[in-house]
Each structure stands twice: as C-alpha cells, then as structure tokens.
Amino acid sequence: MEIHEHIIELPKKVYVGNGILSKLRDYLFQLNVLEPVLVVTGPNVRKIVIDEVAKGLNEIGKIEFIEVLDSSIDEVNRVEEKAKQLNPKFVLGIGGGKTIDVAKYVAYKLNVNFISIPTAPSHDGITSPFASIKGLGKPVSVKAKMPYAIIADINVLSSAPRRLINSGIGDTIGKLVAVRDWKLASKLTGEYYGDYTASLALLSAKHALSCTRIIHRDLKYSVSLLTEALISSGVAMGMAGSTRPASGSEHLFAHAVDLLQPNAALHGELVGMGSIIMAYIHGINWREIRNALDRIGAPTTAKQLGIPNDVIIKALTIAHTIRPERYTILGDRGLTWASAEKVARDTGVIE
C-alpha cells in the first residue's frame, strides 16, 4: 500500500485538572508566551474566569482583550483588524466553541500561536485545528490553527450550563457514525483511512457513552472524562489532517438542519440526533445512542427542539449535498423524501 505524505499537527502541551486556571502564570512561562498577547473572549464568560486569566497574564507585558458575539466572518474580520494593529505573538481563546473558533481562525490567518482555554465542553472545536465560521458560503469546518496548548480547568468546565455539557457528549458520541462513514468511503472510493486515528476517535465516543452513565452521580469526573474525549477527538483530526475521524453523515445532517432553521439547536444536540438516524441506516446499535442521550436529558426528538418534522425530513434529503466530496452512508444521491421520513419515524426522531 502506497503511503502518501501528510503533516500531523499536535498541541505542545495539554493541561487538565481541577482549579488549574490559578496556575496560568506558570503555564504561560513554561510555554514561553511572549507579548503582545490578544485575548479573545465571549459575552457569557464569567467575570471570575476573566479576572483569573488577567491575573495570570499581568507579568507577560502588553495584553489586549476583545469580546466576540458569535463565530461569523464579520466577527473574524473585526478581531483580525484588532490583531493587525496589535501584532500579537500569541492569541488566547477563552470561552465556548464559537469564541475559540474565531480565535483560532484569526491565529491561523495571521500564522501566530494559539492557546485554547475552554469554559464549556460543548463540542470538539475547543481542541481541533478546524473552525466553524458562518458566512463563508458553506456550513462546514475550515482549516484553523491547531492549539499550541490547551488549558482545561475542570472546575470551570463543570460549572458550564448542563445543556452545553450534554451538547459536548452528543458531539462526541457522533464519532461512532463518523468512523463508520470514513471506513465505508475508504472501501468504496479508496480514500485514505487511518486505523490508529479512527481508533482514537472511537475511544472518544466510548468515553462519551460512559459519561452518560455517571454524570448524575459524579459531574466533575464525568466532565473530566468528556474533556479528555474532546481533546482526543481534536488530536485525531490533527493526525488525520482533516475532520474525517470526527465528522460524517451525522454532521452533514446537523449542518443541513442549521441551514434550514438556523439556531434551532446547539451543534452537539443536532449531531446527537443525527447519530441516532445515521446509526440506524448503518445497521448499528442506534438504540444505544438514543438511550444514552435520553439518560442525560439530551434531545432525541425534533419535538423537543421545536423543529418541524418537515425540516428534519428535508435535512435528511439534502445532507449529502453539504459536502459532496465527502462520501458517507448517504451515498451520492442521498435519501428520497419517503426514505427520509421512514428512518426518522422508525428511530422516533419524528412522530
């Protein structure tokens, strides 16, 4: 078998633990972080977190903060303009997935180091070298900067709204489908498939399933497990050089729903729901996925999210067009309306 060259991107350091944000100053010195530093935050980042970060940065030198409202290209352009004035050596992203997406995309465009400090374990974008930016003409991830370092404080992450934590679990469970799609594409189209990378993504999904069994009795341990799973998923993408190990037909469905009814649900909620349907089509244990999501109170039906049945069916019929170059169980032609309605009803996603 001919092996083609590809570059593996990995973080230099990953820090995970309870209360570790108080050690930020030490970590930044270990990482040789130099001024000036641009810190990108979001509107929902708690003041206590911002204050802790500011304290950790106060000996670095010139620091500037900027708050972003969403992960749109307009916000990217605004942050990039600020960055060009500052000419930072490092960009820090502090917040949820949207904030970190903007920070790492700007860091990528300017080719400067990026440090991820997530405050919500809502999806694997907090650790991956890809970003979901709205307004680029396609609802899929684009190349961004692999984090130079990740600083994940479990105390901070476990205090995030439960819905965001559940979203992260849904996003990670989706790897069960994504890897199946990747393997299928390799078999039918000859696409590169990495066994080790796929195994890493599957391990992340298995950890997420474990989270659903223990989260009610031990939130912090469960969030720690989820965080490590999200980090592993991001590393898998860095090793593969694409989102393939972490994004398949379940993500295409999620993007399709978001196109038809923007902001109807969190990304991980739609991925979780899509995973139920796509697992059914693959012929794997879709009930295990549905039961796992039910256990934590994550949505498993369109009704729970206020999404009309027709939107779900339409999304299933157009999902294969979102990334036509990415072969999945949906094939080249996708699902007919009748087939889409049947799988959605059979899995209980619509009534």
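Positions of Cβ are set from backbone N, Cα and C atoms, glycine also.
When Cβ atoms from all protein chains are considered, those within 10 Å of G97 (NAD(+) binding site) total 27, not counting its own. Annotated NAD(+) binding site per Swiss-Prot: G97, K98, T99, I100, D101, T119, A120, P121, S122, S128, in sequence order, evidence recorded as sequence analysis.
All protein chains considered, the CB of H255 (substrate binding site) has 24 other CB atoms within 10 Å. Per Swiss-Prot, the feature substrate binding site maps to D124, D171, H255.
Among the features that Swiss-Prot reports, Zn(2+) binding site is placed at D171, H251, H267, with the record citing sequence analysis. Secondary structure at H267 (Zn(2+) binding site), as computed by DSSP, is helix.
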Reduced to three states, what secondary structure does DSSP give D124 (substrate binding site)?
-> helix
From G97, A120, S122, H251, H267: binding-site residues whose CA lies within 10 A of D171 (substrate binding site) = S122, H251, H267
Those binding-site residues, out of D124, H251, H255, that come within 10 angstroms of G97 (NAD(+) binding site) at the Cα = D124
